[in-house]
Amino acid sequence: MAESQNKRDLAYARTKINFDVKDMTNFLHGGEANVEQRRYIIDLIAKDPVFNKDDWGWLNHTDAVKRGIAMSTRLAEIKMEHDLNDLDFATMMEAIDDTLPIVLHNGAFIPVITSQGTEEQIEKWIPPAEKYQIIGCYAQTELGHGSNLSQLETTATLVKETDEWEINSTSFTAAKWWIGGLGALCTHAVVQARIFIEGKDYGAHVFVVPLRSLDDHKPFPGIEIGDIGPKAYNGFNKMDNGFARFNKYRIPRENMLMRFSKVSKEGVYTKPPHAKLAYGSMVLLRSVLIKQMALYLSRAVTVSTRYLTVRRQFNNPTSRNDSDLNPGLETQVINYPMVQNRLFPMIAQSYALFAAGAVMMDMYIGLMTGLSSGNIGALAEVHAMSSALKSYCTTFAVAGVEESRKLMGGHGFSYFTGIAHLFASTVPSNTYEGDNYVLTQQMARYLLKEVKTARTNPDQVTPYSKYLLLGLNKSAFARSTCSVALPEDWLSPAVQLAAFEHRCARLAYELSDAVEQGGLDTANPKTWSDHNIECYRISHAHAQYVMVLWFIQAVRDASNPETDVERRAEPASIKVLERLSNLHALHTIQTNLVDFVEDGYFSPAQCQSLRAQVKNIVASLADEAVGLVDAFDHPDFLLNSALGATDGDAYKRLWDKAQSEPLNRREVCDGYEEYIRPLLKKHGEFKL
Ligand SMILES: Cc1cc2nc3c(=O)[nH]c(=O)nc-3n(C[C@H](O)[C@H](O)[C@H](O)COP(=O)(O)OP(=O)(O)OC[C@H]3O[C@@H](n4cnc5c(N)ncnc54)[C@H](O)[C@@H]3O)c2cc1C
């Protein structure tokens with residue numbers, strides 16, 4: 001097929017879009033100014049040769065780390081040259097599209113010191129950190145422990161005589177492990193270590209620990225340090241995830257971050273006013289991940305939507321054939337309902353992730369504002385919410401990136417789609433910042449407390465747990481059923497939310513009853529573990545409920561004249577957004593249908609009409625799909641994809657990319673004389 005047909009197909013698809021793509025882009029990114037700033041930052045990165053991505057597919061870990069360091073230092077320079085803020089830094093990382101050794105300096109080192117340090121400590125460490133006179137990482141995980149913070153083996157023992165801490169890796173398994181930036185780049189780390197004062201264990205606390213000399217970058221005596229080696233799928237290959245062992249290494253007492261817990265010169269320990277006050281920085285990292293998932297999944301579906309629009313296979317009639325454009329051509333694969341039903345729900349999920357990312361950041365900002373004035377009221381809920389959302393969103397976004405690859409058939413497996421790299425970068429998000437399975441216990445614990453509140457003080461249940469009030473009257477709740485009578489009833493947000501609320505309430509009370517009946521204790525890991533599967537289920541159910549709710553609210557707000565103009569959209573965009581919101585809600589129900597039918601809330605007939613409605617909405621989005629992914633506004637530099645570029649010239653680009661394979665530089669490959677020829681000649685000459 002001529003290359004121009006590819007381009008023609010995508011251009012033709014763009015003529016059918018029924019909304020203004022620019023308007024949708026502004027809605028997604030929170031206004032025109034943000035869109036322009038994002039473009040400006042991406043261009044800054046794109047035109048700098050150190051960020052060129054052409055040879056990435058061929059870099060091994062050792063070369064990649066060197067490149068990662070070069071990119072890190074340039075990134076720091078650009079940030080300072082242009083006086084860019086944290087948001088711009090995040091956009092630079094988005095544009096670079098790889099995890100660099102420097103990323104945790106801005107992503108964790110600075111935020112941890114800022115949120116857990118005293119004013120004097122902030123004054124001491126942050127100005128040099130902002131000027132990159134010191135570069136830091138975040139060292140919590142050890143060879144033997146990650147999830148279980150309370151059993152970390154690195155100790156910090158107070159030495160009163162010298163007013164110092166002695167940091168010690170008490171065993172082989174106490175070695176810090178996986179720490180991004182530690183292997184090669186960083187001069188400092190914030191280290192989690194268990195405090196011992198006169199033999200008493202006060203649990204894990206955070207310390208600023210100098211690692212390498214600021215003169216020659218050599219590790220200080222008493223620290224053994226290095227890189228942990230290559231990682232799965234060649235992911236994170238520019239990142240120097242590292243290890244460190246401390247051998248009775250001394251640091252000043254003031255290097256313990258003391259905003260909440262304090263230790264005086266005399267060895268008096270003051271505990272924090274609230275046990276979870278130090279969680280602020282974790283909430284930030286998890287909240288940022290939701291937004292990142294929106295960017296990752298939307299990139300994957302951009303590539304697959306564009307490619308599937310230009311890919312033609314078989315000559316099967318579908319309800320949406322473009323044979324008027326080019327009679328006699330095969331069918332565009334995007335017209336197959338099977339393809340649409342795999343792809344379009346992920347476009348809807350991407351839009352829902354944009355909405356959830358914005359709300360989660362607002363919640364984080366609200367939390368920090370409250371904490372700064374001593375109000376810890378929102379801490380438990382926001383911590384649980386960020387844990388539940390992190391677990392759910394990273395799980396389905398990563399699955400979605402892989403599904404986008406599979407959607408593209410054989411070519412999907414080429415590195416040049418850009419999706420293999422995206423998958424390798426995205427997949428560890430299921431593990432870092434809290435393992436996705438372990439994390440769900442946070443929301444489950446929180447909801448169990450809310451169940452108690454619902455029973456004793458129903459007025460005090462927090463807004464997102466209000467559904468628990470539905471279950472207070474057990475018999476009425478058991479009799480309640482879904483109100484859908486006609487297929488179009490599914491399009492009511494109230495009906496959708498009622499279904500999610502019913503499901504969450506049932507799962508929460510079932511968990512609560514099981515815990516109570518078994519006489520089990522959430523604080524007792526031996527017995528609590530029996531309920532881990534149910535914890536996962538209710539935590540993800542709650543996350544799905546708030547995601548559906550937030551997307552519905554974002555679409556409602558978009559047409560409300562009282563909403564900030566940045567979050568508004570034109571009527572034509574809203575019409576499509578409503579369809580996406582419906583698809584997101586109903587498809588989420590459909591993929592979790594068992595939860596809605598096992599107590600009889602949905603009837604078999606309702607299940608059938610639900611499936612039909614999902615199919616209808618999917619089909620109704622066929623003309624909009626290309627516009628919906630164009631609206632994400634991911635430039636070609638960012639996508640780095642032969643199959644998903646803006647002009648649709650997929651085959652030509654794939655061909656050109658393959659020509660850059662170093663094997664093709666020679667007519668006869670290396671190894672011919674050594675291996676191939678001897679085999680061919682082993683049993684004599686064969687004449688053609
Ligand atoms: C790419 C990458 C980058 C990282 N960067 C950093 C970094 O910069 N700094 C840092 O400190 N750490 C970092 N980490 C470490 C990361 O945070 C931890 O690996 C993560 O929190 C998981 O902990 P773990 O390894 O102890 O897993 P484990 O807890 O050992 O998990 C192993 C298995 O056991 C299961 N499991 C564990 N406990 C329970 C339970 N109670 N109930 C049920 N199942 C359970 C888990 O679900 C999992 O399947 C990084 C990790 C990766 C992969």
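Here the Cβ of each residue, glycine as well, is placed from N, Cα and C on the backbone.
Given the structure is predicted, the values throughout are model-derived calculations rather than measurements.
Per TrEMBL, the feature active site, proton acceptor maps to E433. Neighbour count (other Cβ atoms within 10 Å of the Cβ, all protein chains): 20 for E433 (active site, proton acceptor). DSSP assigns E433 (active site, proton acceptor) to coil in the three-state reduction, placing it in neither a helix nor a strand.
In this view, G180 (FAD binding site) is surrounded by 25 other Cβ atoms within 10 Å of its Cβ, with every protein chain counted. The FAD binding site feature in TrEMBL is assigned to T141, G180.
According to TrEMBL, the feature domain 'Acyl-coenzyme A oxidase N-terminal' maps to 20-135.
In this model, the domain 'Acyl-CoA oxidase/dehydrogenase middle' (137-231) carries an average pLDDT of 97. The domain 'Acyl-CoA oxidase/dehydrogenase middle' feature in TrEMBL is assigned to 137-231.
Taken from TrEMBL, the feature domain 'Acyl-CoA oxidase C-alpha1' covers 279-448.
According to TrEMBL, the domain 'Acyl-CoA oxidase C-terminal' annotation covers 493-681.
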Problem - Spatial neighbours of T141 (FAD binding site) that are distant in sequence (at least 6 apart) but have CB under 8 A - result: K176, W177, W178, I179
Exercise for the section: Could you give me the DSSP helix, strand and coil counts for the domain 'Acyl-CoA oxidase/dehydrogenase middle' (137-231)? Expected result: 9 helix, 48 strand, 38 coil
Fill in the blank from the handout: Summed over the domain 'Acyl-coenzyme A oxidase N-terminal' (20-135), the DSSP helix, strand and coil counts are 87 helix, 0 strand, 29 coil
